[in-house]
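What follows is a short report on a single structure.
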Amino acid sequence: MKKRGTALLLALTLGICMAGCGAQSEETDDSSQTAQTQDDTDTGNSQEEEQGSAGGQGNVLVAYFSWADNAVLEDDVDAVSSPSVIPPGNVQQLAGWVQEETGGDLFSIKVTDPYPSDWDECLDRANEEVSEDTRPELTENVENLDQYDTVFLGYPNWWYGVPMALLSFLENNDLSGKDIYLFCSHGTGGLADSVDIITEAVPDAEISDNIFDCYEEDASSSEEVIREWVQELGYSGAQSEDAVQGNTLNLQIGDTVLTAELADNSSVDALREMLSAGPLEIDMQDYGDMEKVGSLGQDLPVNDEQITTEAGDLILYQGNSFVIYYAPNTWNFTRLGKINGVSAEELQDILGEGDVTVTLSLAE
């Protein structure tokens, strides 16, 4: 989250789009649950597996592939300690709005071998995968897929078709008999052959011909139209009725318990749902003499806006990084809340130097 040239350069790189191919460059999310997953390599972190189960609208799955979720960072950028580098992508943003409108479970399709953060290099690899009919290995599949009757499937148009990772997902996760609704971000190539490719991959599914698509440059302004699309399909307002409504977050750091007032957005809604299963421990590290940062263990929706942080600000970055600020920084962040009644000096003293474990829980 450091203000520096490399971060800006990479953000600009990820914003590049190519005619005929819909790379996602800006993305937010919503009040989502993350779908329970099964690690393909059986090396999943046990805490992440526990937090992976979801409530939400149990019969709706919102699965999507996003370049931003699958891009490797530059060699000189630390993905853990520098969470301000990659902006979210178009399809991730669209998926978040679909999830919020349906109340379903959110699943990001991710490859084990990330794509380059340079778009031209990514495009070269994507072309090679298409030419060789490759099925990239995925980090995980959806667990308990039988619980879903409906799948919203989001993707960009790559090489007038779909990312080959999407075919890996469709072949690894049996969607037979399920209702599938497609949404796509693309360049001038439009949907191209993508619908035919998906239909061939899942011949026993019911794929609706009511498809949402938009140009990648229009994705960030498509919230209203994609919500209307979901409403027309009859999936609006399906939020979980027993969602947690508490607005105070407890943060335990050693023997000290701080409280924070939570923001009002879909990211916080998803965090509440996540914490309704119990407290969450996060291992956090220092970065840039301004923040502590650690992984939530699962993706939440994002609602980015330009923010100049203050001491005590709680920030979500890239959907899965939880950040506590004790000094100012300006970037596009998602605000989660603010710690009450503590100065910058007091907060730094409580957090200490080096690594620290912070336990999040909802106040009763």
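Quick reminder: no glycine exception, Cβ is built from N, Cα and C everywhere.
Annotation comment: TrEMBL describes 1-19 as signal peptide. As annotated by TrEMBL, region 'Disordered' applies to 23-55. Sequence annotations record features per position, and here TrEMBL assigns compositional bias 'Acidic residues' to 39-51. Among the features that TrEMBL reports, domain 'Flavodoxin-like' is placed at 91-232. Annotation comment: TrEMBL describes 251-360 as domain 'Cyclophilin-like'.
Each residue of the domain 'Flavodoxin-like' (91-232) gets a DSSP state, and the totals for helix, strand and coil are 61 helix, 34 strand, 47 coil. In the predicted model, residues of the domain 'Cyclophilin-like' (251-360) average a pLDDT of 93. Residue counts for the domain 'Cyclophilin-like' (251-360) under DSSP (helix as H, G, I; strand as E, B; rest coil) come to 18 helix, 52 strand, 40 coil.
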